[in-house]
Each structure stands twice: as structure tokens, then as C-alpha cells.
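Chemist: Sharing a structure, written as C-alpha cells. Questions coming.
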Amino acid sequence: MASGNALSRSLPELDTGPQGQPILVQSKESPEGWAPKLTESSPTTKVYKRRWIIVTLFCLYSMSNAYQWIHLNIIANIITKYYNASLPEDRFQRETTVDWLSMIYMLAYIPLIFPSTFLLNKKGLRVCAIAGAFLNVLGAWLKVACISPDRFAVLMFAQTVCAIAQIFILGLPAKIAAVWFGPNEVSTATSLGVFGNQVGVAIGFLVPPILVPNSDSLEQIGDDLSIMFYAGAGYMTLLFILVIIIFKERPPHPPSKAQMLALQNVHEEHYGRSLLNLFKNVGFDILTITYGVNTGCYYAISTLLNPIILDYFPGHEESAGQIGLTIVIAGVGGSIAAGIWLDRTRTYKGTTLGIYFLSMAGMVAFTFTLDLGLLWVVFLCAGALGFFMTGYLPVGFEFAAEITYPESEGTSSGLLNASAQFFGIILTIGCRAMINKVGTLGSNILISGTLLLGTICTGFIAADYRRQEAGKEILDQMDNVMQIEISEKESEKSRIAEPRSRDNQI
């Protein structure tokens, strides 16, 4: 590959222990705490059972924040009715204002991704996890104070606090996988990290229409909202306490040599230089755009699912939530299947391109079956759409990690997510305008066409698997060290045997 020489220069010489193997110990100078150093201890790398507790806790924490992203927009017509007194009079402005309860998550992420990624690289996982959990629970409790038709501004502020919390979440799955999991578990661990976020979205689709049914009584709607907000705040308070007690920065020993070197490079490199290296990577630039388009389409569909379904099936608020749930649950299966497939095949580009094309096909099917009037067909097409569109999320993270190695996974995934937020805002506003001016069919065709363009662009990304190449070079270095050690031992044996041979001759 073209990157081979550059990788050779980026890999430091490894110190070795008594058996000729590179040895790693904890270092206070590195935020990850690992550095090559001569020591008598072994083994070099180790995976710990605690890694499953860490990733599970992160999943729950990510789930709660994702729930808060969508739990208001899936009942957008009810929110609009309840807070009508504090919303604009114009219909398009009123509906777009409610849409911003979702889009504020996207808007907040774009300017804050760079300082948050810098904080992740310099301060580590634990600091970011605690900061995110605190903002998450703060936003949840602020929503408790929003139960009044004239307090939409307070609700928007509370949602903004939750949106800021997400910047400490979306970039963590790849980082947690790299710090805690072995080389054959990285893709699966990343998928599990994304899994928690998707389950949160699923709950956000399913629960609100049940807890807050449509009613002509504003007082009844207020009581139902109060129950939903108090329950969410209590759960997120418990999670915040668990994060403080349980969530750890790193294991005592790194899980893999390739990831140890990448994390060491994060500490040694300049953050601005790392960003520049990423922007100079043409493959990553294209992937940033295509990832943003795919995920932005998912954000637009999720935000506008309530009006899309109600346009074809009036009065079916709960069905809209259940269709959203179907999209997400199928996507969870797609994410896990994609992670396992990548761990076994390492075919990152082929998998990315295939899933992208199938996402587009699923959207086309969803678009042209809505007017059949058959809910079971809509559920089926929504499941197919979710399986591939949501299954694309961890694939994009891992493909980026491969083609940008040894740059930090937190930086690359952060840029991917920033692109997703940017396209999410554009597509949501564009689709809302299409719904009001042309109709729901026009907005769905817009998304289908956008996914087609994304599929074509994905085909131009080079399969430059730098992380795999680095792993091979490390193994080659270890083999060379072992061969030298064996040669030295054989030479020593020859020197010892030579005097004995002379004595026997005498």
C-alpha cells in the first residue's frame, strides 16, 4: 500500500523484555497511561472482564441521552398543541420551532465537537463520561420545570443542555473499544457502543406516545408530560451516580499493541496537526461527506416521522412511535451484524458500500409503499430501512479508523458526527419545507435521491487499510526480535560447545 512507508516511520522502536517481546507499563505522562518501557513483568497486553461492565454502563448512559433527543418530536403534534401559546402563529414557523427540539442536538454538536475532542484526547474517557452524565441529568431535571403552556423557551433551554451532553457521548464508542478491547473485538465493541444510543432512540419512539396520548385537555397533557419528565430525571440521576463510581479511565495493561501505539501517538502529536492530517486524507474527506449524508437522512426521518406517518394514517400517533421503534430495533441488529462481519472479514470498503446501497433501496421501498394504506407493509419496509441505515453507523466509524490510522479514533469519529449533524439540519429543514409545499412524497423522494448520491461517492473511497497494515508491521517487528533472540541463543550454545569439543579431542 501507499501508506506502508509512512507507517514504518510512525512506528517507534519497541523495547523488549527478557523473552524478546515488547513490554508496556503504565506511565503517568500519557492520558491512557501506557508507554513502551523495559520491565521484568509480562504479559505485554491483556484484556479484562471489566471491559464488559464499562461498555454496558456506557450503553445505558448513551441510551438516556439518545432518548431525550427524540422523545419530544415523536409526539410533535401533542407538543405543538400544549405549548401553542408560546409558539409562533405562522404554521411553518410553529412546526419548524418544534423541529428544533431535535435539531438543537445537531446544531450544538457542530461548534463544540473540536473542544470536546481535544478534551477527550487530553483528559481521557472518565472526565468526558462524567461531564456528559452531569449535563444529561441537569437537562432532564430542567424539563421538570417546563410543565406550563407558556414555557416552551424553558423546554428548549433544557433540550439544549441535553444536546451539549451528547458531544461527550457520540465520539466515545471507538475510543472505548480501542482502550479496553482486544484486536478481534474492536468492531464488535464499537457496535455495542452505538447499540446503546440506538436503544435510547427506540425507547424515545415507543414510550412517549404511550405516556402522553393525544387529548383535548391541556391539563391532562401537562400531567402526562410531568410523569414522563420526572421518570426520566430519576433514571438519569441514578446513571450519573453509577458513572462516577464505576466508570474507569483504562485497564492496567493495553488490550492490543496496535492500539497502544495509536494511543501513544495521540499523546505525542499536536491536536491541530492531527486535524490537518485528517483533512489531507482524501478518502477520509469523502467518507466524512457520505457518512454525514447517510446519518443526516436518518436524523431527518426520525425527526419528521410523526408528520410523515400521520399524513398517511391520521390519528395513529402510537403507530408512528412503533414504526420508529421498528426502524431502530432492526438497526440494532444491523449494527451488531455489521460489527461481527467486519471483525471476521475486515472488508471495510465493500461492507460500507454494500450497506449504503441497501439503505438507499430501503428508503425507496419505504417511500412508495406508504400510500398502499397497509400498516404491516410500512412496518416491514421500515425494518429493512433501519437494518441497513442504522447498521451503517459503526461501519462508518471503523472504516474511518482504518483509513486514518494512527490518528485518534475520537477525532475521526467526532468529525464524522459533525458532518452528520450538519447534513441532518439541512435535510430536516429541507424535508419540512417539502412536506408543507409539495407533500410527504416529495420529502421522501428527496431523501432517496440524496442517498443515491452518497452511494456513488462512497465508491470513490480507496480501501487504504492502514490499521491492518500497522498490525502486520508490529508482528513483523516482533518476529524479527524473536529471530534475533533465537540466533543469539544458538550462537551462545555454539561458543559453549566449542571448548568442550576441543577437550574431547585432546
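Cβ from N, Cα, C; glycine included.
Among the features that TrEMBL reports, region 'Disordered' is placed at 1-22. Annotation comment: TrEMBL describes 52-80, 100-120, 127-146, 186-207, 227-247, 282-301, 321-341, 353-370, 376-395, 415-435, 441-463 as transmembrane segment.
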Chemist: For the transmembrane segment (353-370), which recorded stretch in the set 100-120, 186-207, 321-341, 376-395 gives the largest number of Cβ pairs separated by under 8 Å?
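Modeler: Of the candidates 100-120, 186-207, 321-341, 376-395, 376-395 scores highest.
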Chemist: For the transmembrane segment (127-146), which partner among 227-247, 376-395, 415-435 gives the most CB pairs under 8 Å?
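Modeler: Highest pair count goes to 227-247.
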Chemist: Would the transmembrane segment (282-301) count as touching the transmembrane segment (415-435), i.e. at least 3 C-beta pairs under 8 angstroms with sequence separation of 6+?
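Modeler: These two segments touch.
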Chemist: Can you say which of 186-207, 227-247, 376-395, 441-463 has the most Cβ pairs under 8 Å with the transmembrane segment (52-80)?
Modeler: 186-207
Chemist: When each of 100-120, 282-301, 321-341, 376-395 is checked against the transmembrane segment (186-207) for Cβ pairs under 8 Å, which one has the most?
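Modeler: Counting Cβ pairs under 8 Å, the winner is 321-341.
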Chemist: At a C-beta cut-off of under 8 Å, are there same-chain residues at least 6 beyond the transmembrane segment (441-463) that contact it? List them, or none.
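Modeler: Contacts of the transmembrane segment (441-463) (Cβ under 8 Å, skipping residues fewer than 6 from its ends): 282-283, 286-287, 289-290, 293-294, 297, 300-301, 304, 308, 348-350, 352-353, 356-357, 359-360, 363-364, 366-367, 370-371, 399, 403, 427, 430-432, 434-435.
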Chemist: Spell out yes or no: are there three or more C-beta pairs under 8 angstroms between the transmembrane segment (376-395) and the transmembrane segment (100-120), with each pair 6 or more apart in sequence?
Modeler: no
Chemist: Given a Cβ distance threshold of under 8 angstroms, which distant residues of the chain, six or more beyond its ends, lie next to the transmembrane segment (282-301)?
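Modeler: Beyond its ends, the transmembrane segment (282-301) has Cβ neighbours at 102, 106, 308, 327, 352, 356, 359, 363, 385, 389-390, 392-393, 396, 399-400, 403-404, 412, 415-428, 430-431, 447, 450-451, 453-454, 457-458, 460-462, 464.
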